[in-house]
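Here is what TrEMBL says about this protein:
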- A:23-45: transmembrane segment (TRANSMEM)
- A:57-76: transmembrane segment (TRANSMEM)
- A:88-117: transmembrane segment (TRANSMEM)
- A:129-150: transmembrane segment (TRANSMEM)
- A:181-198: transmembrane segment (TRANSMEM)
- A:218-236: transmembrane segment (TRANSMEM)
- A:242-259: transmembrane segment (TRANSMEM)
- A:289-309: transmembrane segment (TRANSMEM)
- A:345-365: transmembrane segment (TRANSMEM)
Amino acid sequence: MSNSKTNASGQLRTYLSNHLREYGLLFALIAIMAFFQIMTGGILLRPVNITNLFLQNSYIIIMALGMLLIIVTGNIDLSVGSVMGFVGAFAAVLIVSHGLSVAAALPICLIMGALIGAAQGYWVAYWKIPSFIVTLAGMLVFRGLSLWLLEGQSIGPFPKSFQSLSTGFIPDVFGINRPNGTALAAGVITVCLIVWMGMRARARDKSYGIIGEPQALFIIRNIIIAGALLFITYKLSTFRGLPNVLITMAILTVVYAFITENTVLGRRIYALGGNEKASKLSGIKTEKMTFLAFVNMGVLAALAGLIFAARLNTATPKAGLSVELDVIAAVFIGGASMSGGSGKIIGAVVGAFIMGVMNNGMSILGIGIDYQQIIKGLVLLAAVFFDVYNKSKQG
Amino acid sequence: MSTLLEMRSITKKFPGVKALDDVSITVEEGEIHAICGENGAGKSTLMKVLSGVYPAGSYDGEIHYDGNLAAFRNISDSENQGIIIIHQELALIPQLSIAENIFLGNEQANKGIVNWRKTFSGTETLLAKVGLSEAPSTRLDTLGVGKQQLVEIAKALSKDVRLLILDEPTAALSEADSQVLLDLMLELKSKGVTCIIISHKLNEVRKVADSVTVIRDGVTVSTMNTKVETVTEDIIVRDMVGREMGARYPSRETKLGEPLLEINDWSVWHPEQSERQVIKNINMSVRAGEVVGIAGVMGAGRTELAMSLFGKSYGRNISGSVKMHGKPIDVSSVGKAISTGLAYVTEDRKSLGLILDDNIQRNITLANLGNVSKAGVIVEAEETKVAEHYRSTMNVRTPSVFQTVGNLSGGNQQKVVLSKWLFTDPEVLILDEPTRGIDVGAKFEIYGIINNLAAQGKGIVFISSEMPELLGMCDRIYVMNEGTFVGELAAKDASQESIMSLIVTD
């Protein structure tokens, strides 16, 4: 009896040490949130601040999804901040200056993003010019272009329908309003879905004799995630409900997680990053994959630009300045490897939240921008060091 | 003759494994001492202990070198005593010149300023010693592997080497280049340099070695002196694998079917140098159930031929026709080549064949993901089933298909690569050096797999630099030299001599 118990705890320990990265990230986020919750005297997790957290970080998270794919292919995109600013400016010129309807302007802006991604991806994929150089050029070009488009001025305000991209909320279909019934229902449904899918995957693993996560860990992890989700949706419901942008973000995250983990396309992108030559000799069109990753990044950067402009309700020449660094940092904190082939969508999202919570928490505490940058830099270095150290210990 | 090196009861433990268990070895001054053993037997670990990669204190046992008890703390300690290792993966920098490579870390400099005159003249002396006639300023990446190996040896000589350790020096060399290297070893021996050679190629061991130590599973199995006793390849193999090996090549009854692959007038130009024709008007054919060998020295164009056929993965201005079952096929991209029933198992499985950080399952299905997915979504259950099937039928020795491929032995990695290509259901497999760098036991298994495939009616193209292997395995052998086929022999009429003479007299 006691023997089997020690055996189980030993199993638990080996499993934890093999998956330290994934759990570490989750616990790091929780620890950071707890830290700021205490330090700010409870301000961090107030409904209005949670809502703000999502609004403030949405565009970073959306771009982190695309950046993860770029980094998995073994590339980097330094231009996303500029592209985001440029598309915001482009939208302002279309809608505010030329009076185009929002419904027409949105697809045009997204197509513009795709074209920008294609223009950069073309050089990287088909001419093998290092992405660092191509996108460094892109960073300058699109920063310049947005200055030129805006003639150095800010353009705004946008119509209400455009602003709702970012600042709108999902109405309460149940008519309760406080707490918001839709938000509560969405929270409960999501939790049920996550637990159900987790159990299904476990059952499947078991039928194949795969020894996965120990039962205890599975239960603890699910309780934490479910608790956190319910807590957050409850808090949101007592304010104004679910922000539109949260829904956009959540859907995109689920879609990209599915693509990367379960589809042929995703598998090929990871294979390409793991070993480009071997992938090519396995019949994978590696150039096309790289090209598509950049097109995708362009579209997501455009979407981020629209959301950002909608939130500020104006397009400014400074929009998106050095945002690329936050996005790239989020992906690396999330566990992606610079050499390509590894990294997870969920990691990038959690990485972005870690950065976001730190930004938000330090701002509430009134820590100067100087110290904020130093601390963020050190956290990035520590996260990557943790990765490298872990690998060297295993290897 | 005195004893130069004596390693006494060396035991080296890693967490969970005993890599070396009470290994002893004695090397006499001025001899060539061969160390043989299967992959994972502990040869490399032993050499790492000797050279100080694993510092004194991290192992048990004693090393006596030149009459003194040695305790090397790192590589430079052992190098100062004249012990130099040349690893299988050459430690040279391709973008630098021969001279810069030779004096790397030992620059001929005065107060940090390089004395180029001294560097170049020193290089010339050393190159003359190893018999390499190249200018010292030649960039290393313009040399073939054989010549690079000689540069490594010249580098070792620049450090006043007394004990030279060569780890699989001829693994990547052609027969001719290997011969040059072996001759050089004999010459160094006559000049008093002691050599330890680690090799899988037993015919070479027999040619040059004065004594042979066989290691199996971290234990010294036997030490033989070729002057005192007759040492045959069979004896070495028996000690290495711990049992009598029957035939080195499993027998197969050839049943020739219809012609599968036919290539006519195939020509390929070099991808960068547009005037250089790498493959010149080659015609070849493979029938169902046939194993066709391609023999030739390094640089003959065998890999280039295979890769140009497989989706034009090599070269430019490719012309000629390819037929499968008598009908012309399009092989202009890898995807098309795969779908017409071609598969190419590369000679460089680590950098071209596998995704080392991925697991076995993901590597096996990579070239045919369509077969384990529905509407672009991978059915993981199906994928695992496929991977498990190949793991058991190909006898990949690993606890599960979720094992990272990079951690497998060479033989098991090769089985994974073969599985990947079998899963594409090919009609003709082109195997490029399929047994390179894998041990005797695993080689035998690979041969068995090849025979099975032929018996199932697949056509096999077998490219190899090891002639005995071609002679033992093939029905027919094309001899290739400088981009053309210079001869075609039925295997039963062929011999190493007849193949070599075709290459030489061309």
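Quick reminder: no glycine exception, Cβ is built from N, Cα and C everywhere.
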Closest-packing stretch to the transmembrane segment (A:57-76), where packing means Cβ pairs under 8 Å, from A:129-150, A:218-236, A:345-365: A:345-365
Folded-back contacts onto the transmembrane segment (A:88-117), same chain, C-beta under 8 angstroms, at least six residues removed: 79, 138, 142, 146, 149-150, 155-159, 161-162, 294-303, 305-306, 308-309, 314-315, 317, 319-320
Same-chain residue ranges lying at least 6 outside the transmembrane segment (A:181-198) that approach it to Cβ under 8 Å: 170-175, 218, 222, 225-226, 229-230, 232-234, 236-237, 241-242
Long-range environment of the transmembrane segment (A:218-236) - Cβ separation under 8 angstroms, sequence gap at least 6: 23, 26, 30, 45-47, 50-51, 179-180, 183-184, 186-188, 190-191, 194-195, 198, 202, 212, 242-243, 246
Folded-back contacts onto the transmembrane segment (A:345-365), same chain, C-beta under 8 angstroms, at least six residues removed: 22, 25-26, 28-29, 32-33, 35-36, 39-40, 43-44, 49, 52-53, 56-57, 60-61, 64-65, 67-68, 253, 256-257, 260-261, 326-327, 329-336, 371-372, 375-376, 379, 383
